[in-house]
């Protein structure tokens, strides 16, 4: 009878979700929430589920819920049946770090679109049912740090799209099934009660993924030389050893007598690999809270930012920049700020101003975090990298793909539009340089690191003198203006044209002369009417006949780097001049 009721419920649930709407999704989540006493979410019937519900994301059409992120909200008890499972378009579900109890929800089989499931750090228990073959789109499954027991279900082999599997720190027992998961790149079965050997299909993973179990090492069949059987090979090897020892003994006794052989053991220094960027055990720093922009909320928490695998992109005067992959496999840039000289209130005010800037050519500030020990700014990630990397990386190498003139013109156009948007709000950037200009998918330049100079300690005078990007007046005042931004942007234009780094370098120094930056070098060359010699050979070697356009851009760049700031154009004028060279939008 119980089995009949179970299958009847599943069929009924399937009928209900087959014609579901956003309103039905909303009712399902309200039903879910009604089982708990949580005041943190602020969900209600009258509010807009797609834009104001904490942790909820809708699809582009705004007609279905596709993501529910509710980590560490404080839920207690069972996951209410037939609530979340009614979200038939759900792709991402994170309920980690709560206090859920009971079995794995059997009705999750209805979540056919689910790609990411995070239930780690709860108190779920019992055996896992053989239901995973129904979730064929699942890419990430994390059930670690619970109390699941029994055997690991063989139905996991049906998850042919699975890339990450984490079942660590449970009480699974028995042997590890031979899981044939072609796309699996990460697995963790450590700290369970598993026995037997690691199956052949999983032997490509590191042993640490299986530590803390009662596994025995699989004996590998060793091949012997010349195709001999192992017994024959051992007999021949033994005979050879006897002959060698006998011969050596005879030589030592008859010819050399007793000799001493001394040796020395060399100790090898062991060095541990560089540690990952990890968070503290708690994130309860005074007032620490992530603030999101754009009507979005609860997209990630501090643990996501600090505990995820992070790749260092660079270190600069304002701090260290990391590339962080989130649990939903999206990527953001996290800048860990140092030398912040303003208090919380001024920091938050500045971040709010930056967060209101919305433009396709300005890197979006997604969120920020302020506490006594950490100040973080979270930005969009551009997978094409920065202009500095593209322009100067691997220069001279055979596999380098040079930037053509069309690409450089798009970069200049996009960056000018971004800076014009910033200046439009009477705002100052203060640190324009090629490493702060990123390339979008269409190769337009996008301005990053907006507004950080106003909350950071002033750059030292030596940095201003040697960077090559800063206007002459910055050396004395160390205060940025919109005209100093224009100067820095002009240097970027010259950098695009010449392919040379603005920082003082030997190739820009005349024989017996003093060091000069890029702008000074170009002024000296143009004064001698050798204009053609400044252009990057990577552009000149390409066909197209763009020399006239390049000369126009050179004149714009030189106007921007005028020594007197009152002689420099406004960025809006610069943008118009660049767009007048040639329209790149229609290409």
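Positions of Cβ are set from backbone N, Cα and C atoms, glycine also.
Remember, it's a predicted structure, so these values are computed and weren't measured experimentally.
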313, 314, 315, 316, 317, 318, 319, 320, 321 bind ATP per Swiss-Prot; candidate in 289, 335 listed for that same site: 335
Which listed span Swiss-Prot calls transmembrane segment, if the choices are 212-232, 233-253, 254-274, 338-358: 233-253
Recorded positions: 149, 477 - member with fewest neighbouring CB atoms within 10 Å: 477
Average pLDDT across the repeat 'LRR 1' (89-112), rounded to a whole number: 94
Which recorded positions sit within 10 Å of residue 169 (N-linked glycosylation site) - Cα, from 37, 44, 386, 477: none
Three-state secondary structure, which DSSP defines for residue 37 (N-linked glycosylation site): coil
Per-state residue totals over the repeat 'LRR 3' (137-160) - DSSP helix, strand, coil: 5 helix, 7 strand, 12 coil
